[in-house]
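Participant: Quick one: the structure is below, and I'll ask about it shortly.
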């Protein structure tokens, strides 16, 4: 019996050694720290927009134009278009003096007409000064007020950019701001659209003729007058000599008569 149970005992001990973990003196490594949350990247800085109100208030002076923009809220339309960097905006701004004597009065315009007049001073895209050479080949050019009778025609006359609207012809006199997406150009007159003032445009009065300047006297006439003056001066001595001769003759006659009288008596 003892011999039969001995193999079973050995097998049992082997199973105990297999199941139980072997003792070790090595220290266990500390658990890895938990990974923190992934940091969120900082947002991209907002683009710097051109402040149109500030530009119009410090340049120019463009106070009259700015006052109309703020009254009609068109300044908000311009600013929104300026912030749209995919298209941008081009603005033609008249100086204060241009509003003093426009070809047509603006005082009788309705609020909507004044609003469209201001929108007529802008193109719904950014154009640099060099772009107007190509733009002049694509006339008429729509404005922010629309196309048709709200369009402008451009000409490039040896680098001088002119724009016509039927009622008005204006030219770019200087660049106030030019950098994509905003261009602002100063013009020398208020742009007047045919959509507001009609197409029955009287002809522009011709400029007053220059005063005529009398031609210089002919040199021959001067010489003739000179000779005439000289002849007058030479005749004076001749007249004097004749008078002296007459007086001498009379004196001789008186002397002869006197001698005869003396002899007679």
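Glycine too: its Cβ is placed from the backbone N, Cα and C atoms.
Sequence annotations record features per position, and here TrEMBL assigns signal peptide to 1-26. Annotation comment: TrEMBL describes 49-191 as domain 'FAS1'. Per TrEMBL, the feature region 'Disordered' maps to 201-240. TrEMBL lists 202-212 with the feature compositional bias 'Pro residues'.
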Participant: What are the DSSP helix, strand and coil residue counts for the domain 'FAS1' (49-191)?
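Facilitator: Taking each residue of the domain 'FAS1' (49-191) in turn, the totals are 53 helix, 39 strand, 51 coil.
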Participant: Take the domain 'FAS1' (49-191) and average the pLDDT across it for me.
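Facilitator: Its mean pLDDT is 93.
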